[in-house]
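Visitor: Handing you a structure now.
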Amino acid sequence: MASTAAAASSQGCISWALRQRGLGGGGARAVPVLPRRRFCVSAAAGAGFDNENREYVIVGGGNAAGYAARTFVEHGMADGRLCIVSKEAYPPYERPALTKGYLFPPDKKPARLPGFHTCVGSGGQRQTAEWYKENGIEVLYEDPVVAFDGKTHTLKTSSGKILKYGSLIISTGCEASRLPAKIGGNLPGVHYIRDVADADSLVSSLGKAKKIVVIGGGYIGMEVAAAACGWNLDTTIIFPEDHIMPRLFTPSLAKKYEELYQQNGVKFIKGALIDKLEAGSDGRVSSAVLEDGSVVEADTVIVGIGARPVIGPFEAVGVNTKVGGIEVDSLFRTSIPGIFAIGDVAAFPLKMYDRMTRVEHVDHARKSAHHCVEALLTSHTKPYDYLPYFYSRVFEYEGSSRKIWWQFYGDNVGETIEVGSFEPKIATFWIDSDSRLKGVFLESGSSEEFSLLPQLAKSQPVVDKAKLKSATSVEDALEIARSSLHSGSSV
């Protein structure tokens, strides 16, 4: 890598001061400002990337990067000073669409870019490539960072470009966990879904498929299987647990959703592990072989068995060995001054429950991006206080007999109380030993009912469990929970 002195000696340099923030705990306190570093942009900046300096660099082009860019623009700090380095071929987009509307059949109005660029998912402006250009934000497409030197503040991309940063935000997200190649994990017709290219490949396969197997009973598996129903395909979901969505759903709740999927023709094979995927004479996947020896025919396989944080060359920044990801404090500062991490890759303190965590969800991606940039650009030192939130919307294609939309807030710990018949509503409440409401789940709620959920989960009020158990409807149960907010027993 060329030296810093080479850039400093170039003619016509433009210098600026970069604020570097100190480290420490996540409490609301004064944050020391470190001595200013002065950087100089090479005179050849317009012609190439030989030691081209940037005041701010975001590595990663996913949801969090798009929302971070918006916050930079809101502060008037993006014009000519911000660069996004991405492995994606497109500007940041709302990734949840890839397992929902993007997979709809062509005759059922599938989602396509530029329709779901950030920040439309939160009601904001659609940030197309033109938006980034108009706001002076440089985006390097399909050119991920492959090398990092924290001492010299230097990044190297896969194409050989060299960037020097003042402040760095790591927003590399996650990658899909894969089946080993030796058991057929890379066969033609085996799909993983994480970006638009993955989704395009899957859509192409769905258009020719007859029998599909979905491996995994979590978010990806359930959303892809629901989309496959729109194509009228023979669909089987295989997973090792006793029921779908085991990290969130209770057995009772899972049973109701499983029955709905079965009504749409989906078959379940529970408590099963994949031994291998076999190829046919054409080399394409033809079946899934289970550990018990049974064989499930399939011409298309979708694997949804989780995701792993993309640390890449940034391991030296500091990895949390318990939850994975790059460890940060409540302002998203890493162990190295001037380096931050946001979104799926960030291991951060979950203030509400006093534990370190990592959240793979678009809501956290959006909020962590905003919080981090606010902390970077202002004197804001309020610790990030995230309320866990998950949701899913499936069977929303035209012609579907029943649309599904549920939301969950809080922590799914403690005793559960389920109310409702799933026609269409159902609610589940998680109550701890002190009768405090810790988490709440609602299917098919109204906008007013959904807006109540975060209030309940955040306040953690003491509820009357006997009344809640005797509620005759979801509406009645929510009103009982709402009344507990005013009892003076909230956290």
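Along the chain as shown, the residues are counted starting at 1.
Every residue, even glycine, has its Cβ placed from backbone N, Cα and C.
Dumping what Swiss-Prot says about this protein:
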TRANSIT   1-42  transit peptide
BINDING   Gly61, Gly62, Asn63, Ala64, Glu88, Arg95, Lys100, Arg194, Asp195, Asp344, Val362, Tyr391  FAD binding site
BINDING   Gly217, Gly218, Tyr219, Ile220, Gly221, Met222, Glu223, Glu241, Arg247, Gly306, Glu360, His361, Tyr391  NAD(+) binding site
BINDING   Tyr219, Ile220, Gly221, Met222, Glu223, Arg247, Gly306, Glu360, His361, Tyr391  NADP(+) binding site
BINDING   Arg366, Arg393  L-ascorbate binding site
Visitor: Using CB atoms and a 10 A radius, I'd like the single residue among the binding-site residues Gly217, Gly221 with the highest neighbour count.
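Guide: The residue with the most neighbouring Cβ atoms within 10 Å is Gly217.
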Visitor: Which one is it: of the binding-site residues Tyr219, Gly306, Tyr391, whose Cα lies the shortest distance from the Cα of Glu88 (FAD binding site)?
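Guide: For Glu88 (FAD binding site), the spatially nearest of the binding-site residues is Gly306.
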Visitor: State the three-class DSSP label for Tyr391 (NAD(+) binding site), counting H, G and I as helix, E and B as strand, and everything else as coil.
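Guide: SS state of Tyr391 (NAD(+) binding site) = strand.
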Visitor: Glu88, Asp195, Glu223, Glu360: which of these binding-site residues has the highest Cβ count within 10 Å of its own Cβ?
Guide: Glu223
Visitor: Max Cα-Cα distance in Å among Gly61, Gly62, Asn63, Ala64, Glu88, Arg95, Lys100, Arg194, Asp195, Asp344, Val362, Tyr391, the residues listed as binding FAD?
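Guide: For the residues that bind FAD, the greatest Cα distance is 25 Å.
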Visitor: Relative to the Cβ of Arg247 (NAD(+) binding site), which residues of the same chain, six or more apart in sequence, are found under 8 Å away?
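Guide: Gly218 - these are the non-local Cβ neighbours of Arg247 (NAD(+) binding site), listed in sequence order.
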Visitor: Binding-site residues Asn63, Asp195, Tyr219, Glu223, Val362, Arg366: which have a Cα within 10 Å of Gly306 (NADP(+) binding site)?
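Guide: Tyr219, listed in sequence order.
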Visitor: Based on Cβ atoms within 10 Å, give me the single least packed residue among the binding-site residues Lys100, His361.
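Guide: Looking at the binding-site residues Lys100, His361, the Cβ with the fewest others within 10 Å is that of His361.
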Visitor: Out of Arg366, Arg393, which of the binding-site residues is least crowded by other Cβ atoms within 10 Å?
Guide: Arg393
Visitor: Here's one to test understanding: among the binding-site residues Gly61, Val362, Arg393, whose C-alpha is closest in space to the C-alpha of Gly221 (NAD(+) binding site)?
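Guide: The smallest Cα gap between Gly221 (NAD(+) binding site) and any of the binding-site residues is with Arg393.
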Visitor: Compute the C-alpha separation of Asn63 (FAD binding site) from Glu360 (NAD(+) binding site), stating it in Å without decimals.
Guide: 11
Visitor: Count the Cβ atoms, other than its own, that fall within 10 Å of the Cβ of Gly61 (FAD binding site), considering every protein chain shown.
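Guide: Result for Gly61 (FAD binding site): 29 neighbouring Cβ atoms inside 10 Å.
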Visitor: For Val362 (FAD binding site), write down the residues of its own chain that are at least 6 apart in sequence and whose Cβ falls under 8 Å from its Cβ; none is a fine answer.
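Guide: Within the chain, Val362 (FAD binding site) has Cβ neighbours under 8 Å at Asn63, Glu94, Arg95, Pro96, Gly121.
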